[in-house]
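Student: What TrEMBL records for 80-105, 111-134, 146-174, 186-208, 220-239, 259-276, 288-312, 344-368, 380-397, 409-429, 450-471, 483-503 is transmembrane segment.
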Amino acid sequence: MQANSDLEANLEPMPPGSVLPWYGVQATRDAEDCNSNMSMEKGPLSNSKWYRKMLDAGVEENGIRPIPAEERTQTQFNNLFTVFFTCLLCVLPLPTGALGTAVYGLKLRDVSLIIIFFNIVTCVPPAFIGIGGVQTGMRQMIQARYSFGLFFGVIPLLLNAGTVTGFTLIGSIVSGQAIAAVNQDARISVDVGIGIVCALSFVTAFLGYRAIHIWQRWQWLPNLIGIVIAVGCGGKHLVHQAEAGPATVKSVVGYGSLMAGYFMTFGGTVSDFTIYHSPKGSKLKVFAYVYLGLLTPSTPLLILGAAIGGAMPNVDSWQTAWDAYGIGGVLAEMLRPADGFGKFVLVVLALSVVGNMVLSNYSVALCLQMLLPIFVKVPRFVFIIITMAIMIPMAIYAAKEWATSLENFLAVIGYWAGCFDAVVIEELLMFRRTEYTSYDPRIWNKGRSLPPGFAAIGASLVSLALVIPSMDTTWYTGPIGNHIGDIGFEAAFVVTALAYYPLRSLEIKWSGRI
């Protein structure tokens, strides 16, 4: 506590105002001059007739500005469950689960235990971070500015955009493969399937926040029915698991890191879908809804994917279909006994990823809007159009080596997410003492009032000293990763958390503000 007292004593005196409970410093020196930043920035299109017609039709106008408390009135908190439940109740977890048995050579039992353990643990950080959206009314990467700063905040912003783009590409590829497998005689290409699902997901993301929650509230139902039918038709082959050797530390740790990357990256987007809910709601309720929304659909589907991957070597038709159309081809084979009805169900399953891609497209567009200050004047939906124009050709290219793309992507994304989640959580717990009012919405775009960001970036860079030797990927393997498997995510999270505390304390002492 002596260190804290010394820190307070060296802080520059501040005018009267809101005070943080621990440091006793005002959140910003010039926040009183920033009230105008809470109002909607008006661009050149704001007064056009067609723009007003779109708003009247229900298209969301707001992009990245914080939502004032009086506009955060939604009290239907179970929407926070359905938005993520539908996102993950689709065919996308299946190929990720299949990697455990088909690529890592683990037994179904071992993969299932890894999935359950890592899911229970790694769903906690994004669920906790999601509370901030309800309490502050800020998009996730706007909240990040309160630890990374305005300018250094661009770094996690770009990494987050790349991560979400990657998930969108994988989702569109999986869906495109399933659509192409519906009628192989018709020779519908995977590229056509990708274009179809991207266009469908674009529509809901274009409409915005309210439309997304309405869509997600109901889409899970046909998805669930389709998955149950597929398992009912082809489940008899799932018991024919291929022989696998005993689990090794390297394979267990490596696959566990994939699971960590799968969930921890939600920490970069989760608040994007909670900002209109009332801050008067229970924090525990928000946490529980988000946590269960992530955990409950993904765990059984990842295990189902692992069972499919383990059975493929003993079911020739499945293996052939996997090689040609990925998981979509396997689902087509599972539904073959249902004939025409099975093809209809396969289309439903192919479109199940729309609920996942809608969230991704929405968040990527927000990331693009945050890149430059001038972009705040550009309507949000313009960035949705740009996002779709980027996604479709990228997905078509990535589909050529989709399995390798999936494995490499999941192996790498966990590293930056470990750093990001550690910084954001520690900032809230240790330096702001879970006082969400310390996230002053008036300074969200004021670089001189926000933290400099040196501590957040510095702590993340320090972690690389252990992350790089701990990597075990197809393109690089460090000495630690070579012996015990990929623990890059764990190293990123722990080292960043340890380094951030002293660096942030020094930063506050130097800058004179939180």
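FYI, residue positions are counted from 1 along the chain as it appears here.
Placed from the backbone N, Cα and C atoms, the Cβ positions cover glycine too.
Predicted automatically and left uncurated, TrEMBL annotations should be read as such.
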Student: For the transmembrane segment (450-471), which stretch among 111-134, 146-174, 380-397, 483-503 has the most Cβ pairs under 8 A?
Tutor: 483-503
Student: Excluding the flanking five residues on each side, which residues at least 6 beyond the ends of the transmembrane segment (344-368) place their CB within less than 8 Å of a CB in that stretch?
Tutor: 63-64, 83, 86-92, 139-141, 157-158, 160-161, 164-165, 167-168, 171-172, 174-176, 178-179, 181-182, 193, 197-198, 200-202, 204-205, 208-209, 212, 215-216, 219-220, 222-223, 225-227, 229-230, 268-269, 272-273, 328, 331-332, 335, 338, 375, 380-381, 383-384, 386-388, 391
Student: Using a cut-off of under 8 Å between C-beta atoms, tell me which stretch among 220-239, 288-312, 380-397, 409-429, 483-503 contacts the transmembrane segment (146-174) the most.
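Tutor: Checked against 220-239, 288-312, 380-397, 409-429, 483-503; highest Cβ contact count belongs to 409-429.
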Student: Give residue numbers and ranges for long-range contacts of the transmembrane segment (409-429): same chain, 6 or more residues beyond its ends, CB-CB under 8 A.
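Tutor: Same-chain residues near the transmembrane segment (409-429) but 6 or more away: 96, 99, 125-126, 128-129, 132, 143-144, 146-148, 156, 159-160, 163, 166, 170, 254, 257-258, 260-262, 264-265, 267-268, 456, 459-460, 463, 467, 471-474, 486, 488-494, 496-497, 500-501, 504.
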Student: Which listed stretch (111-134, 186-208, 220-239, 380-397) has the most C-beta pairs under 8 A with the transmembrane segment (288-312)?
Tutor: 111-134
Student: Counting Cβ pairs under 8 Å to the transmembrane segment (380-397), which of 111-134, 186-208, 220-239 comes out on top?
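Tutor: Selected stretch: 186-208, with the most Cβ pairs under 8 Å.
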